[in-house]
């Protein structure tokens, strides 16, 4: 081989890298190419999807992602605020976009499929599309009512199929959208579309993951941020599941605060009369039923003590402690359902804390003697309302006492008949 001759790799063709092949487009040229292609594809969304798929190899989607999504949604490039840049020149706009589509769920779902295919093909567009949707939600005031509706439907469908994360909804908490009622109106349409794709549990789960479950009231102005107003607004719109969800969330928040305050008062050994008064006021203020409070009281009472680690001593310690707080529990176990909840809580506690396993029957008898639990509640728990935890152990413990209750009941009935 000639020493000056450079080796050649035969059979190898050197290709220009794809990113170097892309044509150098300005945004306006990018727009014109996109508008022309969409107009040629027309209402055939399969043709639109194919055009977008193939054109991505020569158009710089990465650089002009905002222009791409502006045109697919609004038919035109959008200026800051949401106005159309080319509003006066119809040649630079297309009617084959989401805003010009028919206002029905199936049509918008077909458009959603175009976005799904595009983002699956060009994964790098995922974040750009998320940013675009956040931006479009900020621009809602610039869009007509029907355009807002279509955007809400598109957003709901894309949230339902997982193309978009629920975090896009943070744009709706913007003051101007909230004050003018646009945020709440848009949210209702969006949630309807979302729940047409997924069930309520899926929707609420997504809201929790995005930490939006506690912010739903912020869709309304400050003077209307009440659970009652939200519940009426969303129930009237056919979204009772979301109303119920918010009530539960608010109730959970209230219960946590109540439990924290109760724990504090018990640790300070506040008089029982004061604790009763406080709990009743909180129940009234937050519309909490007795059934929601009795379990909290039990938890707080049991957390207020450093328990002995010796099984033979803990029962005596527990009975002494619970005898002190029996009058408190008696006030909030005036209903049969509350009594059953308390019994189940005691059962679960004794099972979860092994040193209390043998103390269950003694605690129940104490509560019976202190008028916290009625014989009807104890018998119902024994026959059908017990939970699975430690079931055989606790039923066996209670057998003799239950037999005594049944015999006492029979004697009482026979005496009544004799009279």
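Please read every residue number as a count from 1 along the shown chain.
Just so it is clear, glycine is given a Cβ too, placed from its N, Cα and C backbone atoms.
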From the ranges 1-22, 23-44, grab the one Swiss-Prot calls region 'Disordered'. 1-22
DSSP says residue 117 (N6-acetyllysine), in three-state terms, is helix
What are the sequence-distant neighbours of residue 117 (N6-acetyllysine), meaning same chain, six or more residues apart, C-beta distance under 8 angstroms? 49, 52, 53
